[in-house]
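Here is what TrEMBL says about this protein:
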- 7-91: domain 'Cytochrome b5 heme-binding' (DOMAIN)
- 113-132: transmembrane segment (TRANSMEM)
- 138-155: transmembrane segment (TRANSMEM)
- 253-275: transmembrane segment (TRANSMEM)
- 287-305: transmembrane segment (TRANSMEM)
- 311-330: transmembrane segment (TRANSMEM)
Amino acid sequence: MADQTKKRYVTTEDLKKHNQPGDLWISIQGKVYDVSNWVKTHPGGEAAILNLAGQDVTDAFIAYHPGTAWHHLEKLHNGYHVKDFHVSDVSRDYRRLAADFSKRGLFDKKGHVTLYTLTCVGVMLAAVLYGVVVCTSVWAHLVSAVLLGLLWIQSAYVGHDSGHYNVTSTKPCNKLIQLLSGNCLTGISIAWWKWTHNAHHMACNSLDHDPDLQHIPIFAVSTKFFNSMTSRFYGRELTFDPLARFLISYQHWTFYPVMCVGRINLFIQTFLLLFSKRHVPDRAMNIAGILVFWTWFPLLVSFLPNWQERFIFVFVSFAVTAIQHVQFCLNHFAADVYTGPPNGNDWFEKQTAGTLDISCRSYMDWFFGGLQFQLEHHLFPRLPRCHLRTVSPVVKELCKKHDLPYRSLSWWEANVWTIRTLKNAAIQARDVTNPVLKNLLWEAVNTHG
């Protein structure tokens, strides 16, 4: 009892006041931590903490951090505890499930997925080099372009995995895998991916906080974008101007063509970040990796005999990766959306609402990189993809217990849902007379969430 009397308490309302840069508090299992000075060195980036500051973040912390991370918290504890700390039934079950997975060693048993995938990537790269450099047939060059696109897809999955957890036995090796599979092979910076992807996970399907939904002026998944909202991630206004209105009016027709050249946008985003004034971890290594890509890829293309074949080769290789770009959109575009920052107290609920799974046979798991189990991945981002199919029935049962959505669609159904979402917004974008009032009515009747 003596120790109890020494504790200092704050309420959840008091905690909410500490949510601005320079004054950032979070609570984990009722203990309050001051992360104001530490936020800039947070391995997961500033956005994750800025979005959840002033709240209980226990579920998010459990989702993203191994057991060893708990030892680092004590130095940030400011002596306060949350007086009215409460754990919902959903969170309690989620934490039990995470603890069970940890006891079973699922987070540590990574299998040989990375080894197999990198081997496959190496074989495809060798085939591409042979097809372009040695063969003179146009068809051989075309097949090589397809293989290069598939290589980029599989390499991106390895980069994704290594960004969420250590796919190797040591951190330096894991960082090397990130740079090779991301920067060097695909030309997309792992630093850019971490910056945007961590924010996406933390604010899954928040229109103003999740960068993966902010595609104005090309796409808008909700008519709420028509009010020119401010992106809290990019720190700028997402303007719904005449150009955006025109492009979005036909987005259900342009969706697939845009996906075919979507890779160009990723290259642009990579350069914008690496040469910006933002703090970029390992900036020099990321730039070096990008230079490796922009050395070997143009050199490879230069071996083709004429500019017509070179154009076709580049376009086909980019178009093949559209499969992956479309998949990422299917997982979220037709799911529930909301505005405002994420709420740490409904972590499980937000993930179930903002994701869609893609059902497929087990032999297709390699093709989707495990991300067809999108909900399972969002709930347990550190879980190696080889276990996602195994835990899927448990997650489904937990959703059923708490009356939460668990949506698993076929590839075709997911495409239908996505195009329907884009079409609904496109129809409203064409209304130039009184968009706000009619859009609000449309939103009330037709929104997914």
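One is the number of the first residue shown, and numbering goes on along the chain from there.
Positions of Cβ are set from backbone N, Cα and C atoms, glycine also.
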- Selection from 113-132, 253-275, 287-305, 311-330, the stretch that has most Cβ pairs under 8 A to the transmembrane segment (138-155): 311-330
- Message: Please report, as numbers and ranges, the same-chain residues at least 6 past the borders of the transmembrane segment (113-132) whose CB is under 8 Å from any CB of it.
- Response: 140-141, 143-144, 147-148, 150-151, 154-155, 157-158, 161-162, 167-168, 177, 181, 185, 300, 303-304, 313, 366, 384-386
- Query: So which residues does the transmembrane segment (253-275) touch in its own chain, when a touch means Cβ under 8 Å and the partner is 6 or more beyond its ends?
  - Reply: 152, 187-189, 191-192, 195-196, 218-219, 247, 283, 286-287, 290, 315, 318-319, 321-322, 325-326, 329, 418-419, 422
